[in-house]
Amino acid sequence: MPQEKLPFTREQIAEIAKTHPTPFHIYDEQGIIENLDRFQKAFSWADFKEYYAVKAAPNPYLMKLLQKKNVGFDCSSLAELELSERVGSVGEEIMFTSNDTPAGEFKRAAELGAIINFDDISHLDYYENTVGKLPDLVCFRYNPGELKSGNDIIGNPTDAKYGFTREQLFEGFAACRDKGITRFGLHTMVASNELDEQYFVETARLLFEVIGELTESLGITFEFVNLGGGIGIPYTPEERPVNLETVGEGIRKEYETLITGKGLSPLKIYMECGRMITGPYGYLVTKVRHIKNTYKTFVGVDATMANLMRPGMYEAYHHITVLGKETAEATEVYDVAGSLCENNDKFALDRKLPPIERGDFLAIHDAGAHGHAMGFNYNGKLRSAELLLRSDGSVVHIRRAETLNDLFATLDFTSISEFK
Ligand SMILES: *Cc1c(COP(=O)(O)O)cnc(C)c1O
């Protein structure tokens, strides 16, 4: 069920909109923190650490909130590494999980002392030839291939471009061991937006088993396992959130059987969730500009899919609340659309909603991950501002909206009149 109770009222949003024009993304600090507390508590039996997948909402203020709660950062690009450094998280507070990696990014990750999670066995040589000596701690991303069925968003592991095969794990770790490396980690990431608790328990079991075999066959000791991200969120009213306690307990049982039970050294448990950390606690707030009646009734809003791509791109459902009409009956059927010259620029299709008027504010739910972050400038649309609703009720502007000057910053008009 999408967050039923909004953390703000119509009056509050109307007030905020006086100084921060719509559309904007607004994040709910209290919601983020309470959920994070619950997540960490579900793994309190373990030496657990979450590395937030920065790509989900790369905003330094949100990162600061998470950092205070002992969350590290999962980075996959240079910009994400730089953001982590600028908020003051370096060293093993960063997990660098990249793919098709440029040498410069390995180098920057190494300078920052990040944990480097290699995506491919050929990257070991590439790293040595371009950066230098391999780090003291190496982690490999495992692609379990046919051992694990994928889920809808990530697809089948055998088709996925990510990770080492099982054989390559043995070969790669042996090579590292022979070079004198003593610190090891193992990672996988096989799901996205998965709501089935057992999926995560099975992934953990698979990794614990492989770690047992690698330990036995290579005589190396693993320091951590990184179970990846992929915990889903209920976008539709029919869906239920993942029971984090069930996931934590299920993984604990596997750990007790396959790690402690087999006398293996204690393993730290890492995860790198993005979506479930900020997704449900971010809203895209937009104002109704026009109501258009043709073959259907269209609600035209001031946001577009450039502010939130998921509905337009894969018809993803995002719940919508008409502010001030939370309890009104949904007697109408609307398509809620933006202004892009692109017919899939719609936030909702045939959605039952209460009667909507020009000037109403709509809150589009679950926009706190892969929302603003996936924004783009097609049709010259500008990226919206990001606001943070603090736990004390105050509102902080955490990113300003783009201007036309930002959009044109890469163009030089000074010689355009002479250009023939
Ligand atoms: C995207 C990504 C994540 C986060 O995934 P969520 O579905 O947002 O939890 C974690 N790790 C890697 C390597 C990723 O690419």
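Quick reminder: no glycine exception, Cβ is built from N, Cα and C everywhere.
Please treat TrEMBL annotations as automatic predictions, because they have not gone through curation.
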Listed by TrEMBL with Glu272, Cys273, Gly274, Arg275 as binding pyridoxal 5'-phosphate, from among Gly230, Gly312, Gly324, is Gly230
Smallest Cα-Cα separation from Arg275 (pyridoxal 5'-phosphate binding site) among the recorded positions Lys55, Tyr314, Cys341, Glu342 is shown by Lys55
Looking only at the domain 'Orn/DAP/Arg decarboxylase 2 N-terminal' (32-278), mean pLDDT returns 95
The answer for which recorded positions (Arg310, Tyr314, Cys341, Glu342) have a CB under 6 A from ligand 1 is none
Nearest to Glu272 (pyridoxal 5'-phosphate binding site) by C-alpha distance, among the recorded positions Lys55, Arg310, Tyr314, Cys341, Glu342, is Lys55
By a 10 Å Cβ neighbour count, the lowest-scoring of the recorded positions Cys273, Cys341 is Cys341
The correct three-state DSSP answer for Glu342 (substrate binding site) is coil
